[in-house]
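Colleague: Have a look at this one.
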Amino acid sequence: MTEKLVIIGNGMAPGRMLEHLFEQAPGRFAVTIFNAEPRVNYDRIMLSPVLSGEKTYEDIIIHGDAWYETHGVTLHRGDRIVSIDRTNRSVTSQNGVTAAYDRLVIATGSNPFIIPVPGKDLPGVVAYRDLDDVGAMLAAAEMGGDAIVIGGGLLGLEAAAGLKARGMNVTVLHVMPSLMERQLDPAAGYLLQKALEDRGIKVICKANTRAILGDGKVEAVELDDGRRLPASIVVMAVGIRPNVQLAREAGLAVNRGIVVDDGMLTSDGHIMALGECAEVGGQVYGLVAPLYEMARIAASHLSGDKTPAFVHADTPTKLKVTGIDLYSLGDFSEGPDREEIVLRDASAGIYKRLVLKDNHIIGTVLYGETSDGAWFNDLKKKQVDISGMRDTLIFGQAYQGGAPLDPMAAVAALPDDAEICGCNGVCKGKITSTITGKGLTSLDEVRAHTKASASCGSCTGLVEQLMALTLGDKYNPAAVTPMCTCTDLGHDDVRRLIKAKGLKSIPAVMQELEWKTSCGCAKCRPALNYYLVCDWPDEYADDYQSRFINERVHANIQKDGTYSVVPRMWGGVTNAKELRAIADVVDKFQIPMVKVTGGQRIDLLGVEKEDLPAVWADLGQAGFISGQAYAKGLRTVKTCVGSDWCRFGTQDSTGLGIRIEKFMWGSWTPAKLKLAVSGCPRNCAEATCKDIGVVCVESGFEIHFAGAAGLDIKGTDVLGLVKTEDEALEVIVGLTQMYREQARYLERIYKWAKRIGHDEIRRQVLQDTERRKAYYDRFVFSQKFAQVDPWSERVSGKDKHEFKPMASVGYGEAAE
Amino acid sequence: MNWTDIGHIDDIPLRGARCVKTPGFTIAVFRTGENEVFAIENRCPHKAGPLSEGIVHGASVTCPLHNWVISLESGQALGADEGAVQTFDIRNENGALSILIATPMMVAAE
Ligand code: SRM
Ligand SMILES: Cc1cc2nc3c(=O)[nH]c(=O)nc-3n(C[C@H](O)[C@H](O)[C@H](O)COP(=O)(O)OP(=O)(O)OC[C@H]3O[C@@H](n4cnc5c(N)ncnc54)[C@H](O)[C@@H]3O)c2cc1C
Ligand code: SF4
Ligand code: FES
């Protein structure tokens with residue numbers, strides 16, 4: 001008979017327990033979960049990357065809907081349990097659902113601690129615990145302004161870094177004299193503070209908050225010394241308290257947490273507890289490694305094997321802030337019976353400290369260079385007597401026994417039982433044997449099968465080295481596709497970091513983001529050049545040597561090394577004077593081919609490079625500017641004849657197309673950008689397969705986007721209907737700017753939109769009018785610098801060298 | 001063989017190239033980010049793309065037509081592609097550049 005297992009709370013601990021349980025005792029329990037949060041089980045640890053923009057919520061889901069279905073689990077989302085009836089063995093929820101249990105598991109996690117100061121309940125004061133908190137912070141970040149984070153521990157600093165990455169002015173208030181004092185000694189705390197300050201995050205230590213001020217919402221924070229700091233959001237991250245209220249009311253033994261034995265059983269034989277709410281051996285825990293151990297033990301006891309018992313182990317702490325490496329483990333307080341070994345390298349920003357007792361490591365603090373963490377942890381766990389290697393110990397494993405090892409060899413030298421993934425307690429042997437045994441080739445597979453690197457991710461580097469070691473050339477580390485071989489970072493990371501770190505030149509990007517080549521390659525340089533042009537339109541000096549030849553000489557190179565010249569023909573409309581000028585140019589320069597393009601204009605093909613400036617000069621005389629047929633930028637705006645002539649036309653589609661083209665020409669975009677405006681749904685301008693299209697209707701303008709008709713064919717989606725031409729222009733420009741700021745280089749609108757979601761785009765540029773206006777204004781600002789006709793610039797002498805040979809030699813002799 | 005003056009290093013943009021025309025063919029003269037100069041034939045071993053129009057990175061150039069990467073030092077195609085272009089000796093005396101070319105080579109192959 002299946003037993004009824006009810007779980008209160010759907011966090012990381014019970015999620016892991018169920019995985020073990022379904023493996024060990026499939027079908028034994030009918031499982032019902034109540035979760036106060038209205039969602040499935042997700043990786044709470046990874047909220048910081050979601051906050052900073054490095055990940056999305058979808059990326060951090062541990063069990064999707066399908067998982068619950070497969071395992072027949074009933075999940076009540078957004079329904080909190082309000083009472084436990086131990087006599088009748090049932091629980092009752094806020095929504096009035098009662099569920100009977102044979103076995104009950106309490107996994108209610110923790111509550112964030114809120115310091116009891118006046119103003120703590122004002123809107124705009126948030127904790128940092130779940131996805132809703134992240135949502136509140138992101139909403140605040142969108143408005144910009146000042147953020148105050150109270151608490152300089154792990155959570156507070158991750159929140160601060162995330163808010164900074166989102167563009168806020170961030171100040172951290174910490175009551176102690178140095179940051180993360182529970183994990184770091186003052187020296188490392190100081191280095192950390194400096195690193196944060198270098199990123200523009202203000203840190204005030206010994207800061208006692210007296211009150212939070214504001215009228216109807218947060219406006220400032222007042223300190224004990226009277227200082228007032230402006231704030232549009234206050235994040236309280238000062239600690240957590242096990243969430244024990246329900247258990248206490250049910251009369252279970254409760255101390256700091258719900259008291260359980262080493263088999264996770266509470267004082268009631270039918271009820272277990274695990275996770276942050278449980279207290280075992282007098283300790284409560286706030287990192288997942290011990291919670292996962294609890295999960296393993298609970299699952300085992302539930303499935304009938306009562307032998308495993310929980311044993312305390314220290315868990316290393318790592319800070320998940322990109323670019324800051326920090327590792328701390330065990331006990332590092334000073335004492336008469338302790339000795340220490342310290343290594344400082346100020347210029348490299350490295351600090352390492354080992355705390356020893358009776359020739360054994362009992363504590364480790366590593367800052368700036370943490371790759372030996374696993375090794376020190378191993379020595380500590382195994383209680384290795386280090387007297388023999390005392391002199392070189394601090395330099396790490398690489399220096400033991402002769403020549404220094406490269407990082408790969410150091411990993412190779414780790415013993416099989418060395419712990420690689422702290423969160424999940426996975427050792428090296430388990431990873432390598434699973435890779436070979438199951439024929440795994442990708443990081444995701446290794447995560448799925450071993451759980452290594454599946455939680456906080458800070459051991460990912462080590463796991464990848466192990467994969468490389470085990471698989472050799474077969475391993476292709478494609479977790480995030482790097483921009484190119486010059487870096488491990490993907491496009492999104494690079495874009496984010498350019499903004500977050502205020503990087504304003506290609507050398508600055510390469511220096512700060514640790515490019516592996518001296519000056520990049522033909523893949524990354526054009527991308528970086530675009531990102532910088534887009535992000536700093538007024539400050540960045542375009543690097544022409546980082547542009548593809550077409551954009552450098554403002555014409556399209558042909559297979560024979562000649563060029564084609566496509567002048568702008570606004571909206572596809574021309575006249576006799578323009579056509580005559582084109583005809584004259586064709587005659588004068590003996591241009592071999594004249595062709596009408598698919599973009600409603602005229603292409604002059606086969607022009608010699610040296611003739612380009614002269615051809616442009618003549619075209620310029622007739623009023624032509626470059627059609628940018630070569631640009632990752634605005635190409636054409638195709639139009640149909642519209643209401644001026646066509647019997648079906650509903651609006652002046654030609655006029656609107658010309659207006660849009662005149663407004664947007666010259667702008668650089670991630671990939672080429674093509675628009676069209678049709679005067680009625682017959683759609684003669686083919687607006688419904690363009691990057692952005694407009695279909696005019698009686699009631700206004702239907703804006704379309706994300707179409708394709710090149711390598712892929714895809715009809716557009718409707719963004720929305722607007723009433724006036726002005727609105728149409730604002731929406732189109734807003735959408736373009738959003739795309740400019742977010743897409744990856746060479747990513748057309750339809751691909752970008754698919755990646756981030758059509759609804760999200762609608763929300764940002766259609767519904768949120770304020771945000772649309774902000775996008776619009778930024779586009780207009782950047783156009784001030786972009787709308788310079790490149791042809792006339794070159795006719796007046798710019799980049800002369802491009803069009804002339806440096807020298808001609810040998811003609812004298814040859815003429816003999 | 002003759003050393004022939006072709007101009008000054010400042011005539012070439014940093015991480016860029018210029019051409020030297022001869023009756024028989026065109027030579028591309030490169031200046032890298034490290035201020036090194038190289039001279040190779042302006043003709044990609046793949047389909048004769050003009051290498052002087054490519055993007056220069058390190059001591060290599062990426063061909064503008066189909067992205068082959070050519071070593072400026074050896075003239076060899078790098079990576080999986082196979083082929084080579086002719087390289088020429090180039091001299092840099094305080095910025096004054098000259099290249100070494102055989103006179104007969106300069107005559108158009110008519
Ligand atoms: C000239 C033209 C063909 C013609 O004779 O009509 C043309 C010519 C080229 N197209 Fe195109 N495309 C031309 C209209 C189009 C259209 C039709 C349109 O714009 O309505 C499309 C399909 C719509 C679209 O873009 O989705 C089109 C889809 C492409 C693609 C596929 C893009 C894609 O993301 O799927 C490429 C390849 C690329 O960009 O990587 C391409 C690339 C090229 C290149 C630039 C190839 C190259 O890299 O050298 C050709 C340059 C020839 C030259 O030097 O002039 N061309 N190309 C058209 C110029 C339009 C203009 O006035 O600017
Ligand atoms: C931003 C952040 C970063 C972190 N970083 C790390 C890290 O790098 N490394 C690390 O090891 N740990 C980290 N942690 C800690 C780790 O996330 C927690 O230790 C872990 O999630 C706790 O798991 P749990 O299952 O005990 O509780 P939780 O995951 O908190 O789940 C408890 C769930 O129970 C629900 N609940 C509560 N009461 C009831 C009720 N009465 N009825 C129904 N449902 C209820 C809650 O809504 C919640 O969803 C981090 C935590 C945060 C917030
Ligand atoms: S379809 Fe476009 S890219 Fe292909 S040959 Fe024709 S012009 Fe060139
Ligand atoms: S011609 Fe150079 S890569 Fe094709």
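Glycine too: its Cβ is placed from the backbone N, Cα and C atoms.
TrEMBL entries are annotated by machine, without manual review.
Not measured: the values here are computed from a predicted model.
Below are the features I grabbed from TrEMBL:
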BINDING   A:C640, A:C646, A:C680, A:C684  [4Fe-4S] cluster binding site
BINDING   A:C684  siroheme binding site
DOMAIN    A:4-282  domain 'FAD/NAD(P)-binding'
DOMAIN    A:317-382  domain 'NADH-rubredoxin oxidoreductase C-terminal'
DOMAIN    A:420-468  domain 'BFD-like [2Fe-2S]-binding'
DOMAIN    A:483-532  domain 'BFD-like [2Fe-2S]-binding'
DOMAIN    A:558-621  domain 'Nitrite/Sulfite reductase ferredoxin-like'
DOMAIN    A:631-771  domain 'Nitrite/sulphite reductase 4Fe-4S'
Colleague: Taking helix as H, G and I and strand as E and B in DSSP, count the residues of the domain 'BFD-like [2Fe-2S]-binding' (A:483-532) in helix, strand and coil.
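Modeller: Final tally across the stretch: 26 helix, 0 strand, 24 coil.
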Colleague: Between the domain 'BFD-like [2Fe-2S]-binding' (A:420-468) and the stretches A:4-282, A:317-382, A:483-532, A:558-621, A:631-771, work out which stretch tops the count of Cβ pairs under 8 Å.
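Modeller: Per the Cβ under 8 Å count, A:317-382.
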Colleague: At a threshold of under 8 Å on Cβ distances, which of A:4-282, A:483-532, A:631-771 pairs most often with the domain 'NADH-rubredoxin oxidoreductase C-terminal' (A:317-382)?
Modeller: A:4-282
Colleague: Over the span of the domain 'BFD-like [2Fe-2S]-binding' (A:420-468), count residues by DSSP class, listing helix, strand and coil in order.
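Modeller: Going through the domain 'BFD-like [2Fe-2S]-binding' (A:420-468) residue by residue, I get 28 helix, 4 strand, 17 coil.
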Colleague: Compile a sequence-ordered list of residues in the same chain as A:C640 ([4Fe-4S] cluster binding site), six or more apart from it, whose Cβ lies below 8 A from its Cβ; state 'none' when nothing qualifies.
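Modeller: In sequence order, the residues whose Cβ lies under 8 Å from that of A:C640 ([4Fe-4S] cluster binding site) (at least 6 apart) are A:C646, A:G649, A:S653, A:T654, A:V677, A:S678, A:G679, A:C684, A:A685.
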Colleague: Looking only at the domain 'NADH-rubredoxin oxidoreductase C-terminal' (A:317-382), how are its residues distributed among DSSP helix, strand and coil?
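Modeller: Across the domain 'NADH-rubredoxin oxidoreductase C-terminal' (A:317-382), the residues distribute as 9 helix, 32 strand, 25 coil.
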Colleague: Out of A:C640, A:C680, A:C684, which binding-site residues lie by ligand 3, with a C-beta less than 6 Å from some atom of it?
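Modeller: Going through A:C640, A:C680, A:C684 in sequence order, none turns out to be close to ligand 3.
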Colleague: Can you work out the mean pLDDT of the predicted model over the domain 'Nitrite/Sulfite reductase ferredoxin-like' (A:558-621)?
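Modeller: Over the domain 'Nitrite/Sulfite reductase ferredoxin-like' (A:558-621), the predicted model scores a mean pLDDT of 95.
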Colleague: Summarise the domain 'Nitrite/Sulfite reductase ferredoxin-like' (A:558-621) by DSSP state, stating how many residues are helix, strand and coil.
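Modeller: Within the domain 'Nitrite/Sulfite reductase ferredoxin-like' (A:558-621) the tally stands at 29 helix, 14 strand, 21 coil.
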Colleague: Reported in the order helix, strand, coil, what are the DSSP residue counts of the domain 'Nitrite/sulphite reductase 4Fe-4S' (A:631-771)?
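Modeller: Each residue of the domain 'Nitrite/sulphite reductase 4Fe-4S' (A:631-771) counted once, the result is 57 helix, 36 strand, 48 coil.
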